[in-house]
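> Here's a structure for you.
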Amino acid sequence: MKASMFLALAGLVLLFVVCYASESEEKEFPRELISKIFAVDDFKGEVRECKGFGKSCVPGKNECCSGYACNSRDKWCKVLLGK
């Protein structure tokens, strides 16, 4: 009986701690998001966007994102295998 009461109390305390932590993160989230948006705008002209899976590409131009390669036959980014 004492062990089950202790486990129930410990579970409630753990639930309280998790809820409190997630609530404090939610309050910080808008500020972090805004700061990241403005930081990205500063380097917008310098950063080259890569193309993901299935996007059309030109072989040899290295347009695909990391882990993908432009397939010369189909001319779209595929998963890079074996290298």
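Every residue, even glycine, has its Cβ placed from backbone N, Cα and C.
Relevant sequence annotations retrieved from Swiss-Prot are reproduced here:
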| type | residues | note |
| --- | --- | --- |
| SIGNAL | 1-21 | signal peptide |
| DISULFID | Cys50-Cys65 | disulfide bond |
| DISULFID | Cys57-Cys70 | disulfide bond |
| DISULFID | Cys64-Cys77 | disulfide bond |
| MOD_RES | Leu81 | leucine amide |
> Least buried of the disulfide-bonded residues Cys57, Cys65, going by other Cβ atoms within 10 Å?
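Fewest other Cβ atoms within 10 Å, among the disulfide-bonded residues Cys57, Cys65, is found for Cys65.
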> Using all protein chains in view, find how many other C-beta atoms are within 10 Å of the C-beta of Cys77 (disulfide bond).
22
> What kind of secondary structure is the residue listed as 'leucine amide' part of, going by DSSP in three states?
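Assignment for the residue listed as 'leucine amide' reads coil.
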> So how many other Cβ atoms are close to Cys64 (disulfide bond), meaning within 10 Å of its Cβ?
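For Cys64 (disulfide bond), the 10 Å Cβ neighbour count is 21.
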> Identify which of the recorded positions Cys50, Cys70, Leu81 has its Cβ surrounded by the largest number of other Cβ atoms within 10 Å, counting every protein chain shown.
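Top count of Cβ atoms within 10 Å goes to Cys70.
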> Starting from Cys65 (disulfide bond), work out which of the recorded positions listed here (Cys57, Cys77, Leu81) have their Cα within 10 Å, and give them in sequence order.
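Among Cys57, Cys77, Leu81, the ones whose Cα sits within 10 Å of that of Cys65 (disulfide bond) are Cys77.
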> Taking only the disulfide-bonded residues Cys57, Cys64, Cys70, which one has a CA atom nearest to the CA atom of the residue listed as 'leucine amide'?
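Ranked by Cα distance from the residue listed as 'leucine amide', first place goes to Cys70.
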> Round to the nearest Å and give the CA-to-CA distance linking Cys57 (disulfide bond) with Cys50 (disulfide bond).
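On Cα coordinates alone, these residues lie 10 Å apart.
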